[in-house]
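Trainee: Quick paste of what Swiss-Prot says about this protein:
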type: COMPBIAS; residues: 44-53; note: compositional bias 'Acidic residues'
type: DOMAIN; residues: 87-258; note: domain 'Helicase ATP-binding'
type: BINDING; residues: Ala100, Glu101, Thr102, Gly103, Ser104, Gly105, Lys106, Thr107; note: ATP binding site
type: DOMAIN; residues: 282-430; note: domain 'Helicase C-terminal'
type: COMPBIAS; residues: 444-456; note: compositional bias 'Basic and acidic residues'
type: COMPBIAS; residues: 472-482; note: compositional bias 'Basic and acidic residues'
Amino acid sequence: MSSVKRRKTEKNTSSGLKSKQAKEPKEASPLSSPEPTEENQNNEIEEGTEEEEVTKSFKDLGIVDSLCEACDTLGYKAPTPIQRESIPLALQGRDLIGLAETGSGKTAAFALPILQSLLDKPQPLFGLVLAPTRELAYQISQSFEALGSIIRVKCAVIVGGMDMVPQAIALGKKPHIIVATPGRLLDHLENTKGFSLRSLKYLVMDEADRLLDLDFGPILDKILKVLPRERRTYLFSATISSKVESLQRASLKDPLRVSISSNKYQTVSTLIQNYIFIPLVHKDTYLIYLLNEFAGQSAIIFTRTVNETQRIAILLRTLGFGAIPLHGQLSQSSRLGALNKFRAGSREILVATDVAARGLDIPSVDVVLNYDMPQDSKTYIHRVGRTARAGKSGHAISFVTQYDVEIWMRIEAALGKKQEEYQTVKDEVMVFKPRVEEAQRHARNEMKNLHEDRGKKGAVLKGRRPANGAKRGRDEMDREEG
């Protein structure tokens, strides 16, 4: 099948499609920033806003020269607001609750103080970071190793879905930092001979609200019981909830709270947000139209189900787009491979379930397309947070069908502002319809073959009972739904 993907050359005029310059979309006004709030005088609260002075360097915050050099090497020109507010407090030895939007630099905000303390008093098993997903755990470890390269920090990633024996060997080598998903860490605490965290100095719970959304609460309780009381604890999250408040009371001592966004559903000011109201039957056609509008830019397309992720990836590849799927039913190596290809630019479109919506380090995403609407405002915030990161601009467009109007109205209400519609010309969109329909037929056949292959494999395994059911359950919890 011939490609419908617009390429930025004169050959577009012979493709059979109407050739035109991608017009500038009608921009929605960026969400207004919250008014600066006065610092709460309560000893437990330390508020910050993005209006504060931005000229401070990492050295001004108290970071030592060797770590400042690492920041410079990684291209960290100046601290982000969450880093400016939290690092000095962490260096004072306080427990912290850090609240800031996705993409604000939370990882360096807790990694730098831990590495500086490790530099002063080096010891094995110094810090533990708990993360909700395997991908996020790997990325946090990479950040620690990059920032701590000068001091040769050693990290171990302990996550579900991987062989426990190599992990036990890695723990036996006494790394400085462990980054783990809760279920697999508890497996090792209970079953790996000689492994304990009695000497731990730092605990970080990253994406704490997501940890609790995935029902890790009981496992976290068990982990907290075996950790030393004399430790520093940092809890970082994009949003706050009653569950997070309960976790804070159970695990932190007299914490200071750093909050960069006073609005629970705040998005960054460099993000353009639009919606497009379309009939359900034409979603694929509008998707191809938009991808041509944003030709040459990287994009994440969010879907609700694994099947839809697979189908759209096949559809796009059939039409000549470099698309790759990411969802929770892929093997760990396949998921990491998909992310690496997308980061490297060998694939420009990532089609993903919400497994990709939280914490993933993909700094160059230009466009987020909500092909399927998220079911709540919090998920929407984390999806669109994949673009407009670290001060860059970005664009998010949500597909609103006749069945999504109520959800979209709730999201707009939570954001506190109505979004503008992305302007399209129906005749220009429908030019793509014949080729899209042909690609849809091909995708349906491919999906049918895929399901038949899976059915055959399932028949072979039918009736087998997995050994060690409890351990398997924890591994399943370590995997993101979808």
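Placement of Cβ uses the backbone N, Cα and C atoms for every residue, glycine included.
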Trainee: With every protein chain in view, what's the tally of Cβ atoms within 10 Å of the Cβ of Lys106 (ATP binding site), excluding that atom itself?
Mentor: 27
Trainee: Could you tell me the mean pLDDT over the domain 'Helicase ATP-binding' (87-258), as a whole number?
Mentor: 92
Trainee: Using a 10 Å radius around its CB, how many other CB atoms surround Ala100 (ATP binding site)?
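Mentor: I count 25 other Cβ atoms within 10 Å of it.
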Trainee: In sequence order, which same-chain residues at least six apart have a C-beta under 8 angstroms from Gly105 (ATP binding site)?
Mentor: Pro79, Thr80, Ile82, Gln83, Ala390
Trainee: For Thr107 (ATP binding site), write down the residues of its own chain that are at least 6 apart in sequence and whose Cβ falls under 8 Å from its Cβ; none is a fine answer.
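Mentor: Expected: Gln139, Ile140, Ser143, Asp206.
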Trainee: Using DSSP and collapsing to three states, where does Thr107 (ATP binding site) fall: helix, strand or coil?
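Mentor: In three-state terms, Thr107 (ATP binding site) counts as helix.
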